[in-house]
Each structure stands twice: as structure tokens, then as C-alpha cells.
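Database features (TrEMBL):
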TRANSMEM  6-27  transmembrane segment
TRANSMEM  39-58  transmembrane segment
TRANSMEM  64-82  transmembrane segment
TRANSMEM  110-129  transmembrane segment
TRANSMEM  135-157  transmembrane segment
TRANSMEM  169-191  transmembrane segment
Amino acid sequence: MNSALVQNTILSLVTTSLTFAVVFLLNHLHKKKSITNEVLRKVIHIGAGTFYLAIYFYDDHGQFSKYLNIFPNLLWMCILIWKSQHHSSTHQPHDPILDIMTRNKHQSELLYGPLFFNSVVVICGTIFYKTIPGSLIMSLLTWGDGLAAVIGVRYGSQRKIYGKKSLDGLLTFFIVGIIASIIYIAVLVNLQSVHLVKICVISFITAVVETLTSSDVDNLTVPLSILVSYYFIF
């Protein structure tokens with residue numbers, strides 16, 4: 001068997017196993033009320049996006065086997081779609097998927113934020129594999145959006161600027177997004193591809209878009225705004 005195929009298959013299986021391990025661990029913490037629902041969902045959000053960095057270790061000479069990096073996300077997409085249809089016919093008091101991936105424990109929520117996020121990762125792991133656009137999308141969507149929500153909820157209650165969105169969240173998105181973008185591009189592309197001024201502009205535009213967008217669809221509007229900004233700026 002081709003060594004690249006073996007390496008990429010092992011990486012895919014390890015990453016998949018880790019995603020399930022993290023979900024089960026967070027579900028355990030949630031049951032013990034050691035973590036709030038909002039923080040819980042964003043930890044999953046950040047964790048899933050950070051696993052994207054694992055594509056650094058994929059062997060690019062493996063032709064199509066490098067795209068095994070999207071296997072965990074395809075699997076989760078199937079689970080989310082199945083759960084969104086299946087849960088309504090059961091009477092389980094607790095469903096770990098609904099408990100930790102939705103705000104209100106409605107199965108229809110799985111078809112928005114969680115499904116959109118995994119769909120974006122699949123696109124970044126194939127069409128934008130190890131590219132600047134893919135790196136920007138995943139860094140800003142993962143760390144910028146993820147921490148913006150946590151900081152906004154925790155510290156931004158008195159500084160609302162649009163709906164439930166706060167100035168604290170916007171600034172967090174902007175600053176953290178810049179730092180994360182530099183790291184993702186440096187790791188997945190190369191350090192020479194880091195253009196700080198352009199990254200700052202894209203991060204600011206995306207932070208504004210995220211602030212003006214509903215939480216149900218920001219996993220789509222954020223990547224789209226990054227792509228549009230990227231092709232006008234870079």
C-alpha cells in the first residue's frame with residue numbers, strides 16, 4: 001500500500017477519534033454543570049476548527065488521499081442530519097448532540113450552525129486545501145468568531161452595538177482573528193505569505209459582518225465575507 005495513503009488514513013482516523021473524545025468529554029462536563037452551554041458550544045467550535053491544522057501533517061503526494069482530512073467532518077455532517085430527523089421521534093430526556101451543539105435543544109438547530117460549520121471545513125479541506133483563503137476562513141471562523149461570542153457574553157452586556165452583539169465581541173474577533181490568521185497561514189502555507197495589513201483589513205471587515213449577522217447563519221456569512229474580501233484585497 002502507498003505510504004502516503006497509509007499516513008493520511010491514520011491521520012484521518014486519529015483526528016476522527018479525537019473529535020469524538022472531545023465531544024464525550026465536554027458532554028460529561030456539561031452534565032456536571034462544570035461549563036455553561038454558550039461556552040460549551042464555542043469550545044467545540046474552536047476545537048473543531050483547530051483540528052483543521054492537522055492537515056499540515058498530510059502527505060500532499062498522496063494525490064486524492066490528502067482529502068481524507070475531511071472524513072471527520074463528513075461523518076459529523078451525516079450524524080447531524082440523522083439527529084435532526086431522528087430525535088423528534090424519541091423521548092430521551094438527554095441527547096448529548098442536542099445538549100452540547102444547540103442553544104435550545106431543538107433538532108432543527110443542527111441544520112444551521114453545526115452543519116454549516118462542517119460544510120465550510122469540508123470546502124476548506126478540499127477546494128482551499130493549504131491555501132491562504134482556506135487558512136483565513138478557518139482561523140477567523142474558528143478563533144475570531146468563537147472567542148468573540150464568549151467574550152461578548154461575558155463582558156459585553158453593557159456595550160451592545162447591534163442586537164445581542166457587543167463592542168467587546170467585535171474587538172475580540174478583530175484582534176484574535178489577526179493573530180489566528182497569522183498562525184494558520186504560517187503553518188499551512190508559509191510565513192512569507194503573511195501580509196499583516198491585508199489580514200488586518202480582512203479581519204476587520206469580517207468582524208463587522210459577524211456583528212451584523214444572525215448567529216444562525218454567521219458560519220456562512222463569515223466565510224463568504226472573507227472570500228469576497230480576499231479576492232478584492234490580495
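Including glycine, each Cβ sits where the backbone N, Cα and C put it.
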> Same-chain Cβ contacts of the transmembrane segment (169-191) under 8 Å, 6 or more residues past its ends?
Replying inline: 53, 55-56, 130-132, 134-136, 138-140, 142-145, 147-149, 151-152, 156, 161, 199-200, 202-204, 206-208, 210-211
>> So if I exclude everything within five residues of the ends of the transmembrane segment (135-157), which remaining residues of that chain have a CB under 8 angstroms from its CBs? That is, six or more out.
In response: 38-39, 42, 45-46, 48-50, 52, 117, 120-121, 124, 128, 164-170, 172-174, 176-177, 179-181, 183-185, 187-189, 199, 202-203, 206-207, 210, 215, 218-219, 222-223, 226-227, 230
